[in-house]
């Protein structure tokens, strides 16, 4: 069961990254632009500008970093979540799902923080810096401490975010008659779970992004997370805390719908609830979930090679 949790998490993460990375690129550009002299008028303008200037490749810039890390991160998240849940006295209660999600979010922070640091810097860099180049540059100029810049604020985001994530999905997919959750319900619940988890922690994510790109082009402006929050609000108003929220929510729905659905179908496959060929009521056969997952992973790798 533990191995199934980890493998399902890997596949679900690849599916989510393939769907959502362009929206993440837009979000980071909006979060980190100069508020006094903004380059973009809004989400759509940012999307169009990146597409015109850099093409599709620009929208997938920095994707190889999260794609490499997402296998480890999602394996940890779903593995820790599943095992924490099973060790609790009431595995199916919402309190247990909340606790398991919080623990999973905390445990994966050590990988997530440097991965997002690299991704964020590659996304906003004007040159064509590759993730490994970026990592070497950060280490050579800032040391180990620089690689883990934003670790504390990332943990402050991940713990409540994953608690809300899993509780929302579990609540929305419960049924009184114990029937198997339909794919449509999975997609809807996964999408809403993603939106809920981002909505409650988004201001923290803005501060994290600002801290992680701070000092790239000169002397750092912020001493710490609180200083970043205080100066951001003073200079830009409360809108500072929601900058880039629209593309984040637009991204969150399809990304997490794909992720949760892939994970659930993968777990059903491992548990023997489905075979590789699934007969429908009309006697037609669905495409194998496993083949679909492999195709997703291959597409992710191909796109990452281009990004």
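A Cβ is built for glycine as well, from the same backbone N, Cα and C atoms used for every other residue.
Taken straight from TrEMBL:
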- 3-87: repeat 'Solcar' (REPEAT)
- 92-175: repeat 'Solcar' (REPEAT)
- 181-269: repeat 'Solcar' (REPEAT)
Original post:
For the repeat 'Solcar' (3-87), DSSP counts of helix, strand and coil?
Top reply: 71 helix, 0 strand, 14 coil
Subject >> Tally of DSSP helical, extended and coil residues in the repeat 'Solcar' (181-269) >> reply: 73 helix, 0 strand, 16 coil
Original post:
Quick one: mean pLDDT on the repeat 'Solcar' (181-269)?
Top reply: 90
